[in-house]
């Protein structure tokens, strides 16, 4: 039995006071059933449908002819570009930390340089969990803006570290910011998804191209700096002769801070209207829709009374606006499991949520098992190969560049199910994700058989292509499948599990290698075999997901 607060009063919709309601009685009568299936309230379901109608499409049974759609325009394009830069920032730091490890080993002489990666993952876990949940409690806008500032400032500070302990602590702080800023997961994906129409949700898949560009940018910055300003050997490596990695961090941190400034100065970021509706802040939600309409050159005629008529709850006064500090204190004091339990409210949703989280965990371990040590594999897989820094980073740059077409390929097939109704299609979120994930595992298996430099580079490029396609679909599917009131929490659970399993990768590296970082006998391909197996298992598991989001507007 639904409680009265979660059920639309159908009789109220018939009253004269609500003759101007933009949601018709026939639509209202079906919302309670839909809301139960999606794990949200019927009031939210009705207002969400109205919000999407106003934003993106005209439907005569849902929207009266007086309301003009806002559509896809300047605001959404700017949001896509800004979100893409955030995605690039994530991978810039993931790759930036991996790139500097050899020089850290020479200068700071840690017992195990892999502890730097462990520190990063500890920060990523805390950041993904904290900021994902806070996105639902204090809003996407505050979380969206502050995470890059944290990463950028501590990134610059890490470049000035004089000992390994300080470096590890500062890298963990970078991870805390990047973990919350993670490209279409905790915050960015939710913001973009809630401001774009169904017809453009493929843009979430295309965002993975920015991920590849972030990796490419980090490689291009580090290559000349580390190549020209690094120690020749580890026997004598003072700071003055090993400034390459420090300058790399200064540049990466400065670029990250510049991205944060752009979010405040260049782009007028609006809070999610769906988030505000879920919080009962109808007036602020309407103001957001009006600002987006102005940005897109449209006029919005929807009124507050029409929006509030859906629930019949018209407050006599608007709650006072709180400062960011007050919002944060209030949110933390009232934290509960209220955003987690709705993700398992129905059998179908519970199965889908569980499998989605499991996929993030498996891929979270599989990905760094190969990519975290890729420079080592590029130099050691073939005996008597040219293991120079120049050759290694040249190949690494090529692999990064090949990842960009992977995102475009995923965009071409991910919505074929919608574009070809009633016909067999190779597309759709689930099948595209399953194929790209399984192919990644196959290419990694083939990598272990490589006996020439060409084969090593070829299989690495192939896996880079399919990996980027895989992540593009996964990043799109995950926020789409969770309802907006609990999307940040669902994304946070996935991201946190991804980072928790990912932290095992450097642990495996430590266990299977010597103190100096060289491979132990017989274990050189061990992590690659495990990675390949996990990718293939994930591909099969994807086919068991009960929910397909292709061709459907996000709730």
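Quick reminder: no glycine exception, Cβ is built from N, Cα and C everywhere.
Nobody curates TrEMBL annotations by hand; they come from automatic prediction.
Worth saying up front: this structure is predicted, and the values here are computed from it rather than measured.
Copied over from TrEMBL, here are the features:
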TRANSMEM  79-101  transmembrane segment
DOMAIN    79-550  domain 'Major facilitator superfamily (MFS) profile'
TRANSMEM  113-135  transmembrane segment
TRANSMEM  142-161  transmembrane segment
TRANSMEM  167-193  transmembrane segment
TRANSMEM  202-223  transmembrane segment
TRANSMEM  243-266  transmembrane segment
TRANSMEM  357-378  transmembrane segment
TRANSMEM  398-416  transmembrane segment
TRANSMEM  428-447  transmembrane segment
TRANSMEM  528-547  transmembrane segment
Candidate ranges 79-101, 357-378, 528-547 - greatest C-beta contact count to the transmembrane segment (428-447) (under 8 angstroms): 528-547
Interface-richest range of 79-101, 357-378, 528-547 toward the transmembrane segment (243-266), CB pairs under 8 Å: 79-101
Per-region confidence, the domain 'Major facilitator superfamily (MFS) profile' (79-550) (mean pLDDT, whole number): 79
